[in-house]
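**Student:** Handing you this structure, nothing more for now.
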Amino acid sequence: MFLAYGGSVYCAKLLPYLQNLLFVVHIIAFFGLTVPIWVNAKTATHQQVWFDFVNSGGWSSAPLAVLVGQLTPISQQVGIDTVAHMSEEVRDASKSVPRAMLTVYGMNFVLMFVAFVTICYHLPHPQAALNDPSGYETIYVMRQSMSKGGMAVLLVVIILLNLASNVMYLTATTRDLFAFARDKGVPFSTWLSKVHRKRKIPQNASSASGVFAILLSLIYIGSPTAFWAINSLLTVALLSCYNLSTGCVLYRRTYHPETLPPASFSLGKWASVIYASVLIIALTYFVLKARFDYTGPVRDVAGRNTHRR
C-alpha cells in the first residue's frame, strides 16, 4: 500500500505512460503463462472440463455453488469502472471513457476465459491441485509445466502487475473520495477536498484512502475468514451500487429526459430494455423464491460457540 500511495502521489504524471507499459507486460505474461502449459502440462478430458461438477463446499446444490463461486472471477472485472472516476482528467471523456471501458473489458474477458479454460484442461487431478501447498490451483499447474526458475519469474511479474494495479486503483478511489468531499458528502470534506498546489492532485484524499485500505487489510491477520467474507460483501455492495446508479439514470431518462444532456456514446436502443428486464426478473425471482431456498454451509469459528438460529 505504501508503494501504491507513493506511485499515486509522486508519480501521478507518469501514470498514463506506466499504464501503456503494463498493458504490454500484461499481454506478454499471458502468453508466458499459457504457452508452457499448453505444451508441457498433462491434459484432462472434455468430460472432466465441461460436464463434471463437484460440490465440496457444503452448499445445498451444485448450481448454487457455481453461482457463489462466480464472486471471485467477477471481482477481477469490477475495477473496470475506475476509469470513470478519472473522467475529469481525460480529454473528450464522454466518448473516450466508455470506449476504453468496453475495450478493456472485452480484451480481459477473452484473456481470462482462455486462461481459465487452459487451467481446466490441464487439471486432470483436481484434488491434488486443491492439496497443493501453495493453496493455488494455478501454481500447481504451473509447477507441472515449467521449471522453478521460469515459474518464479512469472510469479514475480504477476505480483508486480498486481502492485501496479493497486496504484491505479488507489488513484481512482482517491478521485472518487475527492468528488464526494468536494460536494460536502463525507465527513471532513474541507480537508479531503484540498488539492496540492504543486502536484495538482487531492493528496489528502489519497492519504485517507491509503489508511483505510491498510486498516481493512489488517483484518486478514486476525481472521482470514472474516476478511474474505468482507471481500465478498464488498463485491456484492459494489455491484448493487452499479445497479442503483444505473437505475437512477434510467429513471431520469424515462420520466425526465430533458434533465439529461445529449449522449456522446450509446449502447443502442435496446440496452435499457435488456438491463431493466434482467434486473426485474432477477429481483422478482429472489424475493419470491430464491431467498427461501439458499442455505449456506455452516462454519464454526475457532474460539466461539456458534449455533444456527
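Every residue gets a Cβ built from N, Cα and C, even glycine.
Where the annotation comes from TrEMBL, it is an automatic prediction and has not been curated.
Checked TrEMBL, it gives:
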TRANSMEM  20-39  transmembrane segment
TRANSMEM  102-124  transmembrane segment
TRANSMEM  151-172  transmembrane segment
TRANSMEM  204-222  transmembrane segment
TRANSMEM  270-288  transmembrane segment
**Student:** Which sequence positions outside the transmembrane segment (270-288), separated from its termini by at least 6 residues, show Cβ-Cβ distances below 8 Å to it?
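**Tutor:** Sequence-remote neighbours of the transmembrane segment (270-288) are 243, 246-247, 250, 253.
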**Student:** Sequence-remote contacts (6 or more beyond its ends) of the transmembrane segment (204-222), Cβ cut-off under 8 Å?
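**Tutor:** Sequence-remote neighbours of the transmembrane segment (204-222) are 1-2, 4-5, 8-9, 170-171, 173-175, 177-178, 181, 188, 191-194, 230.
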**Student:** Would you mind listing the long-range same-chain contacts of the transmembrane segment (151-172), meaning Cβ under 8 Å and 6+ residues beyond its ends?
**Tutor:** 1, 3-5, 7-8, 11-12, 15, 18-19, 22, 25-26, 29, 32-33, 79, 82-83, 85-86, 139, 142-143, 206, 209-210, 213
